[in-house]
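*Asks:* Here it is: the structure, laid out below.
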Amino acid sequence: MDAMTFVLFGATGDLAKRKIYPALYNLFLDGKLASSFTVIGLGRREIADPDFQASVKDSLKNFSRKPIDPSHIDSFLSAFHYSALNVNNVDDFKKLLGVAQKYESELGIPENRLFYLSVAPEFFETIADNIKASGLGDTKGWKRLIIEKPFGHDLESARSLQANLNRSFEEEEVFRIDHYLGKPMVQNLEVLGFANPVLQALWNNRYIANVQITANELVGVEDRAGYYDTSGAIRDMFQNHMMQLLMMVTMHLPHRSTPEEVRAKKKNIIKSLRPISKDKINTQIIRGQYGPGFVKGVEVPGYRDENGIGPDSHNDTYVAARLKLETPFWEGVPFYIRTGKRTGEKSTRIVIEFKEPLKASTFPDEVIPPNLLTIEVNPEERITLQLNMKDKNNSKHLEPVVMEFGGSSKETPEAYENLIYDALLGDSTFFAHWDEVELSWAWVQPVLDAFAANEVPLHFYPAGSDGPDAAHELLAQDGYKWW
Ligand SMILES: NC(=O)C1=CN([C@@H]2O[C@H](COP(=O)(O)OP(=O)(O)OC[C@H]3O[C@@H](n4cnc5c(N)ncnc54)[C@H](OP(=O)(O)O)[C@@H]3O)[C@@H](O)[C@H]2O)C=CC1
Ligand SMILES: O=C1O[C@H](COP(=O)(O)O)[C@@H](O)[C@H](O)[C@H]1O
């Protein structure tokens, strides 16, 4: 691991406290950080280093996966410094250059600089420009840029953002975080296929009836009305996380995969998505919004009654879709994707439903359950395989049995640990490449247009339910149901 300077824009913000500091600390405890590194936290207020270090320590107490280790905490915190900076002021960046150079020379480390933009997206272009204008980007070592979603608001704004970032950073230097790609079980998808010939052999349209990808949440809009009411589930979850899950589960990899290969395979998948024409949107996409209801026994308001949301908002808090891939492996297999807020469960999972297992004549009176491979991503992490066995008591009947592998553990690194570690190594495998982002926006754009023009019915569902009835009818039309 290279010695480096971690330049954190938005060091006083929510993401830094909840995710970034705990991730750095857990990497430190696991011996995964370089022996010499500096973190320079940035925000508009003046904050003295000891106060900044105390606030980092507080965030570790609240959010770290591993408890604070008294014998190492001071050494960890001593790497943290704070500098006041307004992202709109290029002179502040020039001062920051001096600060970075001072710590680099004190530690005797190369000018390797990781710029993490944990700030609102409207600042991304200004920061990138000012990094260049101030000379901060002219390092004698490497420079990298981590940005958080949202990456654009639609196809056009994403393209414009990309063009502007490219004035200061090459594509290989940009690490776009999609935190779903950092989840251990999603990273497992890469190896699941190529390390298991049993699965590899079945991973195609000859054996697979359909694939279902679910990301359901208990929470509602929370305190993010300003952002969420102009984004909706389609931009907040579908365009990025759900599309990434789709790519990860359908790509076919050779045994030795490189970041370039993984990204090329993912790009092929998203390129092969059958475009959705305007007249088909109504039959392929379900738009939903939660009404009042009960989540885990607690009464909650409907979306339109949430703080900051208008009484006639048509925003989507739920999206379900049927997609098709035009590749020889997947031709004919429907992919069903759904994501919703205020459903009755918190669950991200991928279910592979296999085709009818037996000739009907073998057990003529039985409804034979399909074989199911279920990959639980969050909050549980496990894989189950549902097979059919003879009923122990009556051999004339079948009963489904479930084999279970893995399980969550406190020892499993969190998404941000995996991703920050990879970015420090310069490994871009689990970051979204611009091509994927652009193709994903291009696929979604007609849906955004149809939603904006109110051409797609808005189906209401009670909070705490399993989504709108229309989402169940979508699968029932093909003879399936959601698992
Ligand atoms: N929070 C989360 O869980 C998630 C957040 N994200 C993304 O991460 C990014 C950060 O989100 P979050 O931490 O929640 O946001 P916050 O609003 O909590 O923090 C914003 C940060 O930006 C800083 N800031 C604001 N204006 C300026 C300015 N003019 N100059 C310098 N710094 C400024 C603030 O510092 P100060 O006020 O001290 O100047 C603060 O540190 C966003 O892009 C968000 O979409 C993505 C996924 C999850
Ligand atoms: O990116 C986002 O993800 C969360 C859900 O993430 P998870 O890791 O808990 O599944 C979602 O609540 C949020 O709206 C969205 O911005």
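Note: Cβ is positioned from N, Cα and C throughout, glycine not excepted.
Automatic prediction, not curation, is the source of TrEMBL annotations.
From TrEMBL, for reference:
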ACT_SITE  His241  active site, proton acceptor
BINDING   Gly10, Ala11, Thr12, Gly13, Asp14, Leu15, Ala16, Lys17, Arg44, Lys149  NADP(+) binding site
BINDING   His179, Lys183, Glu217, Asp236, Lys341, Lys346  substrate binding site
DOMAIN    7-188  domain 'Glucose-6-phosphate dehydrogenase NAD-binding'
DOMAIN    191-483  domain 'Glucose-6-phosphate dehydrogenase C-terminal'
*Asks:* What is the nearest of the binding-site residues His179, Glu217, Lys341 to Arg44 (NADP(+) binding site), using the Cα of each?
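*Replies:* Closest by Cα distance to Arg44 (NADP(+) binding site) among the binding-site residues His179, Glu217, Lys341: His179.
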*Asks:* Using a 10 angstroms cut-off on Cβ to Cβ distances, just flag whichever of His179, Lys183 is the loneliest among these binding-site residues.
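*Replies:* Fewest other Cβ atoms within 10 Å, among the binding-site residues His179, Lys183, is found for His179.
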*Asks:* Are there binding-site residues among Gly10, Ala16, His179, Glu217, Lys346 that sit within 10 Å of His241 (active site, proton acceptor), Cα to Cα? If so, list them; otherwise say none.
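*Replies:* Taking Gly10, Ala16, His179, Glu217, Lys346 one by one, the ones whose Cα falls within 10 Å of His241 (active site, proton acceptor) are His179.
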*Asks:* Can you give the largest Cα to Cα distance in Å, as a whole number, for the residues His179, Lys183, Glu217, Asp236, Lys341, Lys346 that bind substrate in the record?
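*Replies:* Of all Cα pairs among the recorded substrate binders, the widest measures 20 Å.
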*Asks:* If you measure C-alpha to C-alpha, which of Glu217, Asp236, Lys346 (binding-site residues) come within 10 angstroms of Thr12 (NADP(+) binding site)?
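*Replies:* Qualifying among Glu217, Asp236, Lys346: none.
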*Asks:* Write down the Cα-Cα distance for Gly10 (NADP(+) binding site) and Glu217 (substrate binding site), rounded and given in Å.
*Replies:* 27
*Asks:* Quick one: which of the recorded positions (Asp14, Lys183, Asp236, His241, Lys341) have their CB closer than 6 Å to ligand 1?
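*Replies:* Result: Asp14.
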*Asks:* To the nearest whole angstrom, state the Cα distance for the pair Lys183 (substrate binding site) and Ala16 (NADP(+) binding site).
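*Replies:* Cα-Cα, rounded: 18 Å.
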